[in-house]
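Peer 1: Here it is, the structure, as structure tokens.
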Amino acid sequence: MKVIITVNYEEMSKKAAEIVKKQIKEKPNTVLGLATGSTPLGMYKHLIEMYKRGEIDFSNVITFNLDEYIGLSPDHPQSYHYFMFHNFFNHINIKKENVHIPNGIAEDLEEECRKYEEEIEKAGGIDLQILGIGINGHIGFNEPDESIETKTHVVTLTEKTINANKRFFKSAEEVPRKAITMGLGSIMKAKKIVLLASGKNKAEAIKETIKGQLTTKVPATVLALHHDVTIIIDKEAASLIPDEDLKEIEVIV
């Protein structure tokens, strides 16, 4: 596990975008695993700028998003379909047929989960998976006490997650109670993983992820078992990492 600490959110975002750019340069038909939420927004902004400067070509890139709310149509402003197209896909030259996001309004949700796993396998697996982290250590919508071997599945969101996401809705009541998410087992199959975190509210989860015991109570601790993980965090998210551990960590200022 490699940990990079940056001075702020902007530098964290830039570093993440550089890693994605390098991956696509090395393999133009890269399969990217993507995340939503406020954390990766800056990375998407930098990737769009790189594309506009002619530094990066997404025409052969394939993407798979981690998750989607159940019950929200793709054109709903709070759906992750809408988020990804509005904030990223509409601004680059990716082919729509190469974009994959779980269908939260599928008639048969179990079949949708099975098909999603099948599509990932058909694409050759995920080359680079981008992750955020919840304040309770969840990755994707894999909540505490999930099995570390799960594939794409339907999950019931915890009150903590609902409260954390209510800022995107008019009220907590409007936040969907269920979602489709790639499982921890699916995520761990990625060839490389980059986890991003910013802000003091993520500091406890980051401390546990980097130095804590492997436990399903903090899903991100499973990343310690992966062979190629880079964690990029700003100083605030790194604020609870013990001083003695900072010696082993790359700090970018």
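Placement of Cβ uses the backbone N, Cα and C atoms for every residue, glycine included.
Sequence annotations record features per position, and here Swiss-Prot assigns active site, proton acceptor to ASP67, HIS138. Swiss-Prot lists ASN136, GLU143 with the feature active site, for ring-opening step, giving sequence analysis as the kind of evidence.
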Peer 1: GLU143 (active site, for ring-opening step) to ASP67 (active site, proton acceptor): how many Å between their Cα atoms?
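Peer 2: That comes out at 13 Å between the alpha carbons.
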Peer 1: What's the CA-CA gap between ASP67 (active site, proton acceptor) and HIS138 (active site, proton acceptor) in angstrom, rounded?
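Peer 2: Their Cα atoms are separated by 12 Å.
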Peer 1: Three-state secondary structure of HIS138 (active site, proton acceptor) from DSSP?
Peer 2: coil
Peer 1: Three states by DSSP: which one describes GLU143 (active site, for ring-opening step)?
Peer 2: coil
